[in-house]
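Database features (TrEMBL):
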type     : residues : note
TRANSMEM : 67-85    : transmembrane segment
TRANSMEM : 97-116   : transmembrane segment
TRANSMEM : 123-140  : transmembrane segment
TRANSMEM : 146-166  : transmembrane segment
TRANSMEM : 178-197  : transmembrane segment
TRANSMEM : 209-230  : transmembrane segment
REGION   : 401-422  : region 'Disordered'
TRANSMEM : 425-445  : transmembrane segment
Amino acid sequence: MANQKGGEVEWSIRVGDGSPPEILVPQETLASRVWFGLKDKIARLISRVWRFLEKAWNLAVDDPRKVIHCLKVGIALTVVSLFYYMRPLYEGVGGNAMWAVMTVVVVFENTVGATLCKCLNRIVGTSLAGLLAIGVHWVARQSGENLEPLIVGASVFILASAATFSRFIPTIKARFDYGAMIFILTFSLVTVSGYRIDKLFDMAHQRLSTIIIGTSLCILVTTLICPIWAGKELYVLINKNMDKLANSLDGCVSQYFNHGDEQTEKEDKALLGYKCVLNSKGTEDIMANFARWEPAHGRFNFRHPWKQYLKIGASMRSCAYCIEALIGCIKSENQAPEFIKKHLRNTCLIVGSNSSGVIRELAKTIKTMKKSNTIDLLVGEMNSAVQELQNDLKSLSCLSNSDSPPFQEESENPENKKTEKPQKAIATIPLMGVISVVTFASLLIEIVSRTEAIVKAVEELTNLAEFEITVSKQNQPNQKDENAMKTSQMV
């Protein structure tokens, strides 16, 4: 019997013993299974592509400078390609015009300092290697055909080995590693190819000319079109890390003494801001290295003390390690009793608040590039709070637990009968609780000393960079007061 349901025909068989009819479902063919599998894979592929496009869009929205950098690279490549498309330009540089395109691809970086570093390294390395290669080629030619291959091979071996070893020297690796690599590449190519090429000087001249064209174009594009300065990136990074460090310190102290309260997502994110300080060492080193190559821009002079920012970053990381230890105290299973925390709560909160206030004032000093006239006062308040905390720690030995129940003391009466006499005694403070809270307080005291190291590093920066002196309105003498002082002196 055939039943039509939903546009499809189902066949059912009724058995004579009164059982319900059995429905016969048509079997799937091989073609249908292949089609369904292919459709499922296409859907997954479209979903993955869509998620990738969403991530790319979010990345571009979060940092539009990355999109600008991509456009700048496209502009530079388009302009340098004209040397290959336009016959007059092509005939001027010959078949080596492709070296200009390769130079743009290799040396164009995100920041101005990185681009300048690579461009200058490439020009100097290529020029020095080309001159040495021509000199070696001339000496080898003058020595005769028998000694020519030996001189060329020996020169390649000695200079390439020496240049490779120089890349392991820290000072050269930090600033001239790319130039050493270009020196090895250019010297080897020119020296070896010069053994079979007669017009070696013309080839070296054309290759050096195309490289200069490519590097000059990169410098112009990266400097004139929406420049991204490595020095400014380092400056902004240090400011943000200082604010994150101060917020983490406030959050740690507050959460330790309010352990039972729930933290919001924003507070948890601020609490973990110290990790950005710990993980920023590599970025700071790279930015400081590239910032040395940059010309004067904005508020930064050509000889701006970029190395001092590395000292400030190292001091902040030293403080961040203590904050990481504070996080361990918060997450520890051995927590101090509430009456002990209550005894140190106010003092610890004051110490944490004063320390974070000093760090924020230092961040303000770097941001405004003006010397602070209140930093000495803030440091003095911080040290006074530490002295109070040390006094409270000394008084822990006299602290008693008022919530502990009284215990019974047995005494004997004159009739030699034992009676129980209730007496309230001083309760013993749990050792693990004392260790926990003393550790936390000791870490706060250590953070204060390391905050003073940050203060010294920032003060050294203000002197080296010649920051302006902030003149507050309160410190400016009033005209009436001056007149009163003159009047009193006259009297």
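Positions of Cβ are set from backbone N, Cα and C atoms, glycine also.
Contacts between the transmembrane segment (67-85) and the transmembrane segment (209-230): present, as 3 or more C-beta pairs lie under 8 angstroms, all at sequence separation of six or more. Across 97-116, 123-140, 178-197, the stretch most heavily in contact with the transmembrane segment (146-166), judged by Cβ pairs under 8 Å, is 178-197. For the transmembrane segment (209-230), the list of distant contacts is 65, 68-69, 72, 75-76, 79-80, 83, 93, 96-104, 107-116, 119-120, 122-123, 126, 286-287, 290-291, 294, 297-298, 300: same-chain residues at least six beyond its ends, Cβ to Cβ under 8 Å.
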